Amino acid sequence: MAMWGVKVIIFILCLVPTYQQFPRLCVTQQALRTKECCPVWEGDGSACGARSGRGSCEDVEISEQPDGPQYPFSGLDDREKWPLVFYNRTCQCAGNFMGFNCGDCKFGYFGDTCNERRESLRRNIFHLTRAERNRLISYLNLAKQTISRDYVVATGTYREMENGSNPMFADVSVYDVFVWMHYYVSRNALLGGPGNVWRDVDFGHWAPAFPPWHRVYLLHWEHEIRKLTGDMTFSIPYWDWRDAQDCDVCTDELMGARSPHDLNLISPGSVFSSWKVLCSQSEEYSNRGVLCDARNEGPLRRNPGNHDRNIVQRLPTSADVEFTLSLPNYDTGAMDRTANMSFRNTLEGQPTGLGSSSSLGMHAALHVFMNGSMSSVQGSANDPIFMLHHAFVDSIYEQWLRRHRPSPSQYPESNAPIGHNGDYHMPPFIPLHRNKEYFISSKDLGYEYSYLLDASKFLSDFNKLFLSVFYFFILFYSVMPAIFIYS
């Protein structure tokens, strides 16, 4: 095990730089003042790999479609018309290239020239071998303990940075940059001064972009783990919580059991007991009128099942999932928390039709059930169970896409809450992604879920058997008259 750790450290030191949000080369005074983020690709020494045809530095194109009425301000929040507050020129990549400097491959593509198409398989965490489980825990902890050399996170608004003259960014680990991203997309809007915030805003939740945003989030997280470890076969496992009576992944062999000394903490027998959280004190930030400063805020907390039973009585069931999948409309009405008989809203938070056993929909019910760091939207990604949970939520989204085969027009182009229209760039991702680009099957993005693959195989085998029997009877009845004639 020690030798394996040494090899990993040596490999990390040899890694080429990766670019995400915010890359160090784009947080200088010059980059922020000129609003240009087009770093050099190391492969040919040109911005965006232009000499090799990988991409070029281009003006950012922003949709002018109107947003819904939920956020009645303009020019107050750095996420508005993302990423124009920080940058109005970024790399636009060609072909199968992707990344901040076009140095990476699009999801599902591999190789030096990004021409190798491969499909990854996300599997049930309980179907992993012991070695695979140990590897998962090791990768998670490695990501948590490794300070990113290549990108940082913002700790102040662009206005506080004096329009780029005073950059405010902090170093965080590979894992924690994703914790920060989830906080940043969901935080309250700061209107100026202590306690002066707007709460009815979230660029990644409670509206149509919830499934696409988290799909991109998981894909990038998976991508960064692969680059950190050199293991290009790594895929996020999922936790199938349908009909579970408790947190069955909460064991020291997996995501950490309860501590016998404090039920709100993780067992000392788990590596996660040493993890510290950040960006988890949303009310304090709002009261002070500031952004999370990415400091250590204490241990990871979790006490599954000891939550307010008036909000959530149980974990979601197979029947809940099936009902949600049966809803034909992706979103409805105002396309927010009030949307009725909306697949997105029922999946995410509101239970329209799920019965009286829960006042929350499936995704939100699991977060509340965990009763700790997971229970706060802004700080929930601190708990590694977040990844397992959202992988399964993404698989439900994938089932709905395959069952209903929606036309692209089902994703709203206008009048959704701010950040959620089809052509809106997802904050705080750089490289840029538009919401509607991920209203497509996971297979088009290079990954599959094992239980969906098994279901497809079953249907395929059943169809083959049915056709065999059908053709047998056709043949039988076509031959029968001849048998009677010659007999």
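Cβ coordinates come from backbone N, Cα and C, glycine included.
The domain 'Tyrosinase copper-binding' annotation in TrEMBL covers 205-222 (among others). Sequence-distant contacts of the domain 'Tyrosinase copper-binding' (205-222) (same chain, six or more residues past either end, CB-CB distance under 8 Å): 20, 68, 107, 120, 178, 181-182, 185-186, 234-236, 330-331, 335-337, 344, 347-349, 363, 377, 387, 390-391, 393-394, 397, 411-412, 416-417, 419-420, 424, 426, 429, 433, 435-439, 442, 445, 447.
According to TrEMBL, the feature domain 'Tyrosinase copper-binding' maps to 383-394 (among others). Along the domain 'Tyrosinase copper-binding' (383-394), the predicted structure has mean pLDDT 98.
Annotation comment: TrEMBL describes 1-20 as signal peptide.
Residues annotated as transmembrane segment in TrEMBL: 465-486.
Through the fold, the domain 'Tyrosinase copper-binding' (383-394) approaches residues 122, 125, 140, 182, 211, 214-215, 217-218, 221, 236-241, 247, 249-250, 255, 272, 300, 302, 347, 362-363, 366-367, 370, 372-374, 442 of its own chain, all at least 6 residues removed from its boundaries and within a Cβ separation under 8 Å. Note: the domain 'Tyrosinase copper-binding' (383-394) comprises 10 helix, 0 strand, 2 coil (DSSP; helix = H, G, I, strand = E, B).
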